[in-house]
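Some notes on the structure that comes next.
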């Protein structure tokens with residue numbers, strides 16, 4: 001599998017990409033113990049058929065600061081920053097943002113300083129975990145990486161409320177102006193790199209990588225399940241699979257596959273769909289498709305497993321994290337992948353995958369955040 005190469009059609013193949021990941025596809029393997037566990041639970045229910053569950057490891061896609069799905073996205077974004085001769089990367093998120101960690105690591109790889117302007121009000125850890133949430137996990141790693149912290153302020157929140165903006169982006173704008181005044185060249189990366197014009201390209205590329213892996217493994221993934229928040233992981237994949245369908249260069253085009261995003265935030269599902277679709281459309285324009293080639297019919301969103309608020313470690317998420325850890329030895333996190341895996345097993349147990357033979361879970365990373373939730377045992 002390590003020798004497998006990804007061939008993209010033009011104009012997609014001509015878009016610059018900076019090397020951040022390992023030079024081979026991310027590993028796919030069957031979750032045999034999970035499949036056996038779910039099958040045993042479903043034995044007394046004739047209405048439920050459990051598929052073979054697989055995992056694709058985006059959590060180990062790079063040597064950069066524990067990797068993760070943002071590293072794949074950043075390969076195209078960082079290439080653009082390099083082309084624009086950026087000296088500083090400025091990015092946003094919550095204090096435990098995986099994206100900020102991966103931006104800081106990527107910036108270090110290419111000699112750019114990173115300024116983080118997180119909103120400290122984002123995230124809902126248990127009260128007993130608040131101290132660790134503010135100091136451990138991604139916060140500690142960002143400090144080790146040398147990223148500069150410039151938290152958004154209460155005044156930024158007030159301005160955001162008055163103008164309809166976002167507090168962390170107001171803080172980012174202030175830092176961009178400061179860097180320019182000091183003679184630097186700042187480059188802004190939005191939360192998760194998702195609504196960056198290039199933010200979906202990495203996962204559009206993953207679609208091509210995945211169909212080649214299917215051919216090598218001799219399987220067809222009928223459904224793909226992934227955590228969804230800022231949108232470009234799911235939106236990028238939707239665009240990539242649509243391009244494969246249009247070019248007709250894979251046997252996977254003969255079978256409709258389901259792309260399922262498990263919402264990790266608590267905003268209205270229509271807002272999550274909006275950013276997924278926007279990212280998908282941004283991507284289609286760059287890779288040889290028309291905006292109208294992608295729509296909400298190309299993906300599914302499930303909002304039943306978000307725990308009620310972003311970063312909330314509820315019992316359902318705890319149970320899913322423990323199940324995968326104790327059956328397969330694989331760790332997920334309380335914010336994204338734990339919720340996504342809770343969604344997968346919840347859908348499987350209710351017969352949502354009765355028509356599927358193989359279901360793929362894309363592990364997008366985030367496990368450094370476990371240290372910010374010491375109550376997770």
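Cβ atoms are placed via backbone N, Cα and C, with glycine included.
Taken from TrEMBL, the feature domain 'Tryptophan synthase beta chain-like PALP' applies to 47-365. In the predicted model, residues of the domain 'Tryptophan synthase beta chain-like PALP' (47-365) average a pLDDT of 96.
TrEMBL lists 70 with the feature N6-(pyridoxal phosphate)lysine. Cβ neighbour count for residue 70 (N6-(pyridoxal phosphate)lysine) (all protein chains, 10 Å cutoff from its Cβ): 36.
For residue 97 (active site, nucleophile), other Cβ atoms within 10 Å of its Cβ number 27. Look at TrEMBL and you will find 97 tagged as active site, nucleophile.
Cα spacing between residue 97 (active site, nucleophile) and residue 70 (N6-(pyridoxal phosphate)lysine): 11 Å, rounded to the nearest whole number.
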